[in-house]
Amino acid sequence: MPTVPWETTRNWALITFLFVFLVTHNDAPALITGHFSGASRLSRLREDHRILNSTKWGDFSPHAPEVGAPPWQAPKYLNLTGFRETDHYAWEDLAPFKDRCRQWSRHAYPPPKDGPDWEHGPVRRTWQNATGTVHGKWVRRPGSAVRDSKNYNLTAIAPGVDWAETDIEWGWNVTGSHGTILLRLSESADGVVYEEKETKEGKHPHSGSLAREIIAVADIQDEDQPSPSFALRLHGVHWPRQGSILLTTTTEKFAGIFGLPHFAPAPEFHHTAKMLLNRTLDEVLAKKERMRFGDPGNPWTPVVEEEPSVPWPRCEYIMYLQLHPLDSVYIGEDESDPQLATLIDHLENELRFPTGAPSKGRPDLRMSMVAWSPDCAYYLESKGPPLFPSVEGQHLVGLKSEVLLSRTKMWMFGFAAVLMAQLWLLKMQMKESNTPSTLGRISFHTAAMMLLADGLVFTCSSAWSLSATNTFLPSLILTFAAFMSMSIGAGFLSEIYKYQEPERRRDEARVNAAARTTPPPTSAPAPTQNSTARNTLPLPVTAPRRPASPPIIIPSDQDIDAEIAENTAQSAAAVPVGPTTTAGSPSAPRVSTFASITGTFMLLGIAVLILTAMSLSWPPRARAIYLNLVAFTYLSFWAPQIRRNVWRNSRRAFAWRFVLGQSALRLLPFAYFYLRSDNILFVEPDPVTFLALVAWVWVQILVLVAQDVLGPRYGLPERWMPEVWEYHPVLREDNVETGGLPIGLVSSGGLSEDHKGAGGESSAESSPVAASVHAAARRGSWSLTSPFLTDDGSWARGVGGRREREKELRRHGMALRTIDCAICTEVLEVPVVRADAKDPAAAGGLVGVFARRAYMVTPYPVTMSKINTILLDCDNTLVLSEDLAFEGCAEVLNEIATSKSLPLECPFTGPSLISEFVGQNFRGMLSSLQERYGFPLTPEEIETYVRREEDAVIARLEAELVPCPGADVVLARLAATGKYKLAVVSSSALRRVQASVRRVGMDHHFVNGTSTVEPVVEEHAIFSAASSLPVPTSKPDPAVYLHAMEKLGKTADECVAVEDSRSGTLSAVRAGIKVVGYVGPYKPEERDRMTQVLKDAGAAVIMEDWAQFEECLAKVEAGEV
């Protein structure tokens, strides 16, 4: 059983602990004790409710006493907690608070000329439902009295309450001069409403005659002091016709909700607020009285977070909000129009229940604020006209909840589209980076940073989806897009991690060796070439030749050090490791698995999420620094790639489409929050910081461009980096002729026309490696079909491209020579400088850089195709045999129908069988007819009829068969390349297929191995579903294709099939083979229909003529289809 690395176990244990610690908590109320429970506490609440019902306007008038004033003008207090004179609250500022409320209201919503001083009249011009979110700036103004925590005796104010501390600074105490506030208001359209009935006919209702309960959550941030933000909940009353809202906190030391009507600026508003609260408070208290167990929670608690078991003293707040009238753009200029109320109602109904009715837009939600703390004695007022110019503040501005919800949905859909675009770019890059060489160039940390960001998006969207109601669909789509981007990105990252493991193992081994080695006290001798090599990156296979050494077998992952250590540990054959090798075998370095890396990703993601959540309560400057630092770090994802390009001396790892696309897409979410003031999170825009982030991303891109153009190490001191080449050093013709090639390269003899001898033979034909080289040439070299970059910037492919490349090299004094790479087991075509030509890299400075780039230009990323076998259908694919075959088949079937007395409407003909049974063999036809007509056939009869059908068809084929136009020419070209194995896979009987290919002269293409002397036996080159399988079958059964691949020793990735029928296409597709559909034998008017039929069956590409086959094959090999 494999052991689990300790690192993995440790990471997962820590993740589990954090999950349990952060997620679990106890929400159950205490059953016996609680600071807000028990019959005595409930009776006090009932008494407060009775006092609310028994008081009237003017019963609470806590002004300062005047000398000589009559008794009816004496200060009046209420027997409510915090409303008593003995509580010493700063009630002398209540009258100024009411005056400021009237002043704010009159400025935002001027009253009629002949109306009361404050009442707005019968015409409504504000939103009637204030549910929404607003934000803005506030300024602090001290009250006339000075109060702090030392002025109060909490034990006397709230007897029976065990306070946490009494001599400490109270919470929620704002000491700075300015800050910001985010206010979320919630008002149920179906909640409790009190409306005063009209008493006189024709009299318009008072603007305070309608009252509705409302709740608000305020997030207050002090920007003048380094203090965290705090959130509090307020309950109160909304007068929709007046557009006024009055809110208050309610705690153990302040019965704010029971005294709220006395804060109203006018008696009419006091009356409706009192009637509304009488009903709503009574319902809450009655519900608490009916509960079996006492609920310790305060139903009007201002604490938003989980309330502690021991109360903590905090400042109380009374808040007045005045809604501003809607802009005249939406409701017109006539302020006295009685139809305004109906128009505003229509606007609100359209927001709540969209019908698509035309509108001029969606007005903002605007309001003014005055907040007063009666115990801490200060005011918080929204910043805006008339006290402040509009450029400094517009009071509180925001969105109705329906508008915010709509924008949130659109943002989620847009973000999901951005993630899908990122995923498309990643898929395109994965197609180009699918070899060890291309994967080795990519920085693991660059891909990891992108993956970590996608993982965080997936985590947040998943958590949101679990509790989402109105945004469930867009959040689910966003979660899916983030999951796809994260999962596919993780697969790509694991491939990078796997192919870069040898490099990490060598680094670990080098670190371990350095830790075990004790430096001698004397000066170290000059390092040898071998000792230097151990402190550098592995040299490429084309580096300058080192002194001769015995051969070393390279393991599959090309990690020589690991192979040597393994062989030594197992007492294998001696492997020379150079004169500087120390005695003993070093222990194999421990390299982290990708599973442990996954755990590290999760820990890092959790840490980022925790810090981000904590930062929401930090001081503004600290929070802004943290969030900007996170954004800067994330948008530095190209920095690790720049470093890896330098370290590996690689010009470019990613396609420019990927670099530019990912940069733009990953900047888009930042642009939304940094530039738009009406973003869904209501964060303050910061265009300067965003421009700095964009500039930083572009600086990284420009460095990548410079590395691609000038070279990754241009201008950097050589001693900073290990010696390594991107490809190979410049080769000269005299080095090739004398054998002076870098290690791993052997001259195979020039295959270029310019380097052939007089007889057309290569001068190196008799070299010991010539046979292996030419065998490799017969297998096919990637360089013969790879695209080449010409001077005009275009790419040339194939043999023509090779000729174009030779012409370009000849102009620069170079030639194309074939070199056998022993390590990569490929025949490579390498530019070689002629003996009489000047070295292109000899020039110094910038000229030399561009000259060397012309010689060592980064090749076009080539997908190393695995395809080396072409499986061909026979009938109507290689030969035009189906018409002839079905005519012979019809004769035999008509004989069977006559002998079995089948009720045929008309005799079988060749065309009728083609339309019904194309792609099936004779056995398949018999099985279908037996099922249709229900007649029996013994096995002996079936074999007899099959043999007679074969004889009849073969006779016709040998007399009249012709090849499909162009098939023989294309097969000859494919066979000449030596790259592809050709085989026939047919549903027809083996004798028939053999006779067909023999008749048209194609049988010599289907040979065993490289021998052209003996025709191959049918099992190895021609496969028949009717004859080659243990149990005869027919297409679309994939058995014949699976059997062919097994006999040939090939996989589906190495094969391409050519089929002309639906059943044949289905057979190959079900076997996992890509199919080139062929519709050439069909009539022109039928080709469009058959093209669609073959595509529906799974054909990757369609050709109408064999002349198009090589182009279709190239598309399949390049992964374009």
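Glycine is treated like the rest: Cβ placed from N, Cα and C.
Pulled from TrEMBL, these are the features on record:
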| type | residues | note |
| --- | --- | --- |
| SIGNAL | 1-30 | signal peptide |
| TRANSMEM | 410-426 | transmembrane segment |
| TRANSMEM | 447-466 | transmembrane segment |
| TRANSMEM | 472-497 | transmembrane segment |
| REGION | 504-552 | region 'Disordered' |
| DOMAIN | 591-719 | domain 'SWEET-like' |
| TRANSMEM | 594-618 | transmembrane segment |
| TRANSMEM | 624-642 | transmembrane segment |
| TRANSMEM | 654-675 | transmembrane segment |
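Sequence-distant contacts of the transmembrane segment (410-426), counting only residues of its own chain at least 6 positions beyond either end whose CB sits under 8 Å from a CB of the stretch, comprise 450, 454, 457, 471, 474-475, 477-478, 480-482, 484-485, 488-489, 492, 657-658, 661-662, 665-666, 668-669, 672, 680. Secondary structure counts, DSSP: the domain 'SWEET-like' (591-719) has 94 helix, 0 strand, 35 coil. Averaged across the domain 'SWEET-like' (591-719), the predicted model reaches a pLDDT of 90.
Tallying C-beta pairs under 8 angstroms between the transmembrane segment (447-466) and each of 472-497, 594-618, 654-675 places 472-497 first.
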